[in-house]
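The block underneath contains the structure these notes are about, expressed in structure tokens.
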Ligand SMILES: Nc1ncnc2c1ncn2[C@@H]1O[C@H](COP(=O)(O)O)[C@@H](OP(=O)(O)O)[C@H]1O
Ligand SMILES: [Mg+2]
């Protein structure tokens, strides 16, 4: 009898265990997943994603690695860096040739075959990877369509410009397929711009006058998201690679792209700015750049345009003098000025308006603005107004441009306003 009860008791325990086991199989997964997600939340609080990404980030090369966390707009940055790098191969070959193929546009600014070829190459790279994106490019294909000699000259250059790294070439779509595809690429830069969506701003050769004079020039590309410059890339074949190389007055003249020259700047909003040597293949390793901390503003080096018609040398000098700056300005063409202050070679960029009616073009500033902001600087117009890139192809609500390290920016803009105010 006793053994019968003992048996029954054992069976009850076994049955109970089975019920508990079955219940826990049914109920455990939701509990478990909740606990795991709590753990993940806790971890992401302790290690914000940007910090984790910072640790895991690969230097931008052309080898995709899907197991490593990617930062925001990493693909866009990589494509922009490679596209600009390939276009500089073309502009450099034109820079070296004696006949730079100048023709005059109706607005009398010089346009070169380099401009048209670089625009064709860059837009074809963008459209290969991001077919839906729009592009605001400085050039159009009207002259190319009319002029057969010009067309074949540009076609030869475009075909010759290849990165000597097949993975890098593939990433940006390889060679342009036909003359018609080249013309269509150039003409795809006709976007009106605006405040919505993904729009690239492209200046295939910024500083055309510097390019023709044998000075500084830059190939510039920026991606704007809903009117905000978010990715910026500048290729400057005539700047020294060394971020620490001091800026002297010669930098803007008699430039050449001999060994030891050629820089590729890049930045993504919220992710920092980098510089790396330009190469003819894949991307070289980059390093972070920062503006110089300026404890004494009177020691600043300020940059301005070579062309007095683009920026008032007189007003710039008056501002520098009020800030106690005694060093002469460093004059150079193009957005090489933005790159130079972003890496701490110079400190301030002053672009005081010459004309009351001129509207700055978005492609002359979008890339430089991201790079300077990400290196620790601030950029506004001459009245301290944020630059509005979302209202079309020009910055029509702004006048002039001022860029400086954050710490001294309020003082700089105060003095700029005094100088402008005195002229009103
Ligand atoms: N009156 C003016 N005021 C300001 N910028 C002007 C201007 N006329 C032309 N520009 C722009 O100045 C750019 C060159 O700037 P910088 O003087 O810094 O090198 C030119 O770019 P492009 O050379 O691409 O045509 C052009 O768009
Ligand atoms: Mg320009």
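The backbone N, Cα and C atoms fix where each Cβ goes, and this holds for glycine too.
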Using only what TrEMBL says about Mg(2+) binding by 203, 205, 206, 364, identify which of 138, 139, 424 is listed for that site too.
138
Measure the Cβ-based neighbour count of residue 364 (Mg(2+) binding site), defined as the other Cβ atoms within 10 Å of its Cβ.
23
Residue among binding-site residues 138, 203, 206 with least C-beta crowding, 10 angstrom cut-off:
138
What is the Cβ neighbour count of residue 205 (Mg(2+) binding site) at a 10 Å cut-off, with all protein chains included?
30
In terms of DSSP three-state secondary structure, what is the assignment for residue 138 (Mg(2+) binding site)?
coil
Taking ligand 2 as the reference, state which of the binding-site residues 205, 206, 364 have a Cβ closer than 6 Å to one of its atoms.
206, 364
